[in-house]
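A.B. asks: One structure is given below, represented as structure tokens, and several questions about it will come after.
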Amino acid sequence: MQPNDITFYQRFEADILAGHKTISIRDDSESHFKAGDILRVGRFEDNQYFCNIEVLSVSPITLDELTQPHAKQENMGLDELKEVIRGIYPNEIIFWVIQFSLKEYFNEEKCVREIIITDRKFN
């Protein structure tokens, strides 16, 4: 099984797949991604792969520099965004905004349908 390059909490999966969440704010340990990178994405809780994203940009930011547009790209309010970041990274000062777009996703139902249809072609 191929390892995931980045993980997201399961609660963000639907927003990513719907295109509502288009950035992720991370600490320095994930600042190495570059524009153009295609990342394999999994859920944090079980590391289950669910999509690929393309990195559009990576830029530094502080909590004080976060704006309403950042919150919108995270699909939440600004106060909620700051609270979530403080909860995940309580001792950090500088963060990295990873802007991304959805490239492709794994849909188990679609995959099963395609296998059934393909199987019918050969029988």
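Quick reminder: no glycine exception, Cβ is built from N, Cα and C everywhere.
If you look up Swiss-Prot, you'll see LYS21 marked as active site, proton acceptor, on the strength of sequence analysis. Annotated active site, nucleophile per Swiss-Prot: SER24, in sequence order. The active site, proton donor annotation in Swiss-Prot covers GLU74. As annotated by Swiss-Prot, domain 'ASCH' applies to 6-101, with the evidence given as sequence analysis.
Provide an account of the burial state, proximal residues and distances for the features listed.
C.D. replies: Of all Cβ atoms in the shown protein chains, 20 besides its own fall within 10 Å of the Cβ of LYS21 (active site, proton acceptor). LYS21 (active site, proton acceptor) falls outside any helix or strand according to DSSP and counts as coil.
A 10 Å cutoff on Cβ-Cβ distances gives SER24 (active site, nucleophile) a total of 22 other Cβ atoms nearby, all chains included.
Using a 10 Å radius centred on the Cβ of GLU74 (active site, proton donor) and all shown protein chains, the other Cβ atoms total 23.
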A.B. asks: About how far apart, in whole Å, are the alpha carbons (Cα) of SER24 (active site, nucleophile) and GLU74 (active site, proton donor)?
C.D. replies: 7
A.B. asks: To the nearest Å, how far is the Cα of GLU74 (active site, proton donor) from the Cα of LYS21 (active site, proton acceptor)?
C.D. replies: 5
A.B. asks: Per DSSP, what is the helix/strand/coil residue tally across the domain 'ASCH' (6-101)?
C.D. replies: 31 helix, 35 strand, 30 coil
